[in-house]
Each structure stands twice: as structure tokens, then as C-alpha cells.
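S.K.: I am attaching a structure below and will ask some questions about it afterwards.
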Amino acid sequence: MAIVVSTVYLPVFAALRVGSSYEYLEMRFNSTIRSIASIMFVMDEIFFLPIILYVPAIAFSQVTGVNTHIVSGVICVVCVFYTLIGGIKAVVHTDAWQIIVMFVSVVIVVILGTVYADGFTDIFKTAAEGGRIIFGNINPSPYERQSLWAVLIGGFFYWTSFNSVNQTMVQRYMSLPSLRNAQWSVAIFTVGIVMFISVCCFAGLLVYNFYRNCDPLTAGLISNDDQLLPVYVMQTVGNLHGIPGLFIAGVFGAALSSLSVVLNSTALVVLEDIVKGCFRCKLSEKSSAILVKTCIVVLGGIAVSLVFVLEKLSGILSVATSVTAIAAGTTCGLFTLGMLVPWSNHKGALAGAIAGALMSGWISFGSQISFAKGDLVSQKLPISVVDCPANVTTVPDDPFYDESDVFPLYRLSFHWINPIGIASTILVGTIVSFLTGPTVLKKLDADLLSPIIHKFLPNECFPATESETELTRDNTAQTLTHLLGNSRAGPKMDHETVAGGKGPERNMK
């Protein structure tokens, strides 16, 4: 993912110096495609917001017994408050501390859990004996929930679609002074996320090691699988003063960090790409600030409301991946179509976007409805209750029952939804572009295409002089001006510099 993002997508954004990633789609195709992608981004983030709220809510509820809906409401109010008052500066500063707390809390819980379990050897031995360490599942069936192919291929497309073109990521890349710095940021992010996910996976092994002979869900200790880690923390290291609080702080830090970024970026996309880009409205500085802040408040309210729906669905991981795959896959397909298929046109892009959204949405919502109806169940490995209390003597029925009567697409592993959306968008977009008259390559600006295909383009696509690509803070900051406009933090000169009013310009050489 890191290699593809750094070499295929980032150079294009750097060359065009866009403030919003969706500006590219208007440059490459037209304003309609930009509007469609922007609306899909907003819908995607609306679906993702309740997931961000629900995760810390169930953790806090497990530790304190407070109702999850009360917790999610309090989290949302706090985040919306400091986002409105402090603007983008508050988001940036709090993000840094929240991520540090998140890392520290998980690492400390894992270290203490390892000590409690008498070392690494026993943990991995127990996991291997219980069939929890599976690297060689090469079953090619797309219905296999966690196979080698599903994780590698589906995971690659999922991470790439998010980190390559999503506005929450692109605005971070574009805030850096050069393309090289942006590429280094991707490398640092990759190392950090690999380490963090590895620690989280090891935490899963710790949970299994502790509950290997008494499944907490069967024993009634928890009501759903998403409460596994919180109850583990409470039963193993909960007696140590400060540890439960540190764990909750880490979960809250992760949630607040994600929530504030999503609220900001979504509100700005509504302003720049929908209100100004789609409806061509010209707003004053004051009106823009009011619109952005109103959007943040409305989004917070929607997120709290959708938590009621989320708790009825099956498993946070699969729900998050399935729902976000709809917009992420389609949007990534559009950008890929524009950057890697030079003959694609706006008609092909429109048809591809519709096809990708319908295909991935059909599979995603169809599978979630099937889970809610009980036609599908989560595929789980064998569990034991031999050490559970006397009133727990039976293990639930084997979940691997015949699901052949369920519509085949609904049975697909959630890992495949994103690749299907991307492939549908590119395939349909390419075919329709050819049928409706492909773009004339000689009239196409090479900056709109990825550098990896430049050698296949005619000379007419390139300008007379080469230029060294640099990102600029000026253009990127224009998308942040409206949050900073009424911010109470920072001196006036800093505001003008960030907004591009009096700051030094970075001209291309």
C-alpha cells in the first residue's frame, strides 16, 4: 500500500497542488464527477461516525456499567465542543496527544497481560493448540472469511483506497512542504500502523489464552464479542490502580482523534466541494464559518442517532469494513480510472461510479441484512466451557452450518467488497469510455496522470519545461481557512500566513 500510494497517487496531487482531493476529479473529468465523489465521501463518513463512537462506548460501559448511549452522547458532545471552539488547531494538537495515549495504553496492557500469562511461549503454544494462529489458509473460496488471499488482496485494496485519495489523508499530505516529505510521512505511517496492528493482534492472543477454557460470551460475562478486550482488562489487570483508566483513556483517545478529523474534513468537503463546487454558491467568510460549524453539530447528532442501529449489527470490524468499502472502493476506482486509464472520459467515470457504488452497496447492505435476519452467522472457531461455572455446561451449536440457500454475493467475505467496488468502477468506466469516444491523448495534460504511465504518453501531453513538484501549504490551507477564521487560538499573523494572505509563496522552479 505504501509503495503504491507514494508512487501512483501522491505525485499527481503534488503536481496539481490541490486543496481538496476531489478537485482532481473536476480537472480530469468534470464538476459532476467531483460532486458525486464528494457526496459519497460525506455519506461514507456519516456511516463511519457511529462506529467511532460505539467502540469507546462499549469499553467504558464494560468498565463502569454506564449505558453505551449515554457514553456515546458525552463523547460526541466533548469532541464537537473542542472542534468548534479550537478549530483545526485544536484537532491537530489534540490528535498528537491522543495517539500517544492510545499507543501507551495498549502497549502497557499487553506487557502486563504477557507477564500475567507467564511469558510469550505459553501464549503462542496455547494459541497454536487452539487453532488461533493460522497463516496457511490458502482456500481460494471467496466465502472464506479470513483466508490468505482475502486478507492480502482485500486488505491491500482497502488500505490503498483509504490512504491514497480520501480527503482526511490527502489534506495531511498536502500540508507538508514537499513531495518527498509526504512520501516519508506515508512510510512512517506504515511502520507505525504495522506495529500497532501487530500489538492489537497479540492482545487478541492474550484474550484467547485467558479465556481458552471458558468462553465469556457463552458464560454471560459479555453480551457481544466487541466487549472481549475490555472485560479481559478488568479481570486480569483491573485490580492495578490506574490501569483500567489508562485503557479507557487509550480507547477514548483513538475515538476522539478519529472523530475530530472526520468532523472537520467532512464539514470542509461539504463547504468546498458541495456548496461551492456543486451548487456554485459564493459565501462570505462569516457565512462559511457558520456553515462549517453547523455541519459539525449536525454530523455529531447523526452519529449519536446511528449508534442505535449499529448495535444491532454483527461485529465492529466487518461492519466498518463493509460500510466504508462502498464509498472508498468507488472513489478509489474513480481516481484510479482518471490517473491510470488515459482514454477514460467523464461519461465512463459516471457510469463506473454508479456501477461501483451499486455493486459494493448491494453486497454490503445485503450481507448485513442477512446477518440481522439470522440467515448468516459469524464464522467462529471452536470454543470451550470446561472451566466455566457449573450453570454453563453446553457449548453453542457449531456455527459452520449450511448457508448455500443464502444469495451467493451476500456470503462473500467482507474483505472482497472493496476490490469488487474498485474493479467494477474501473472496468465499466473503461468500457463506457471506449463506447462513447475515448479522450484524445494529445490533448491531455500529463500532470493529470500518474507518473508510472508517463512513458507511454505522446510528447504533446508534456509542457515545454520540466518543473520540480512541490506541495504548498498555501493552497491546502485555503480549505482550512473557515475553521481557522473564527478560531480563538493563535496570533493574527499566524492566521494570515496559514490562509495564504501574507505568507511566503512557494513557487515552482
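Keep in mind that glycine also has a Cβ here, set from the backbone N, Cα and C atoms.
Checked TrEMBL, it gives:
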TRANSMEM  46-64  transmembrane segment
TRANSMEM  70-92  transmembrane segment
TRANSMEM  99-117  transmembrane segment
TRANSMEM  147-165  transmembrane segment
TRANSMEM  186-211  transmembrane segment
TRANSMEM  246-270  transmembrane segment
TRANSMEM  290-310  transmembrane segment
TRANSMEM  316-337  transmembrane segment
TRANSMEM  349-371  transmembrane segment
TRANSMEM  416-435  transmembrane segment
REGION    485-509  region 'Disordered'
COMPBIAS  491-509  compositional bias 'Basic and acidic residues'
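Let's see these features in context: how buried, what's close, how far.
M.R.: Taking Cβ pairs closer than 8 Å, the transmembrane segment (416-435) reaches residues 142, 150, 153-154, 157-158, 161, 321-322, 325-326, 328-330, 332-334, 336-337, 341, 343-345, 347-349, 351-353, 355-357, 359-360, 363-364 in its own chain, all 6 or more past its ends.
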S.K.: Taking the transmembrane segment (290-310) as the reference, which of 46-64, 70-92, 147-165, 186-211 gives the largest number of Cβ pairs under 8 angstroms?
M.R.: 46-64
S.K.: Is the count of Cβ pairs under 8 Å between the transmembrane segment (70-92) and the transmembrane segment (46-64), pairs 6 or more apart in sequence, 3 or more?
M.R.: yes
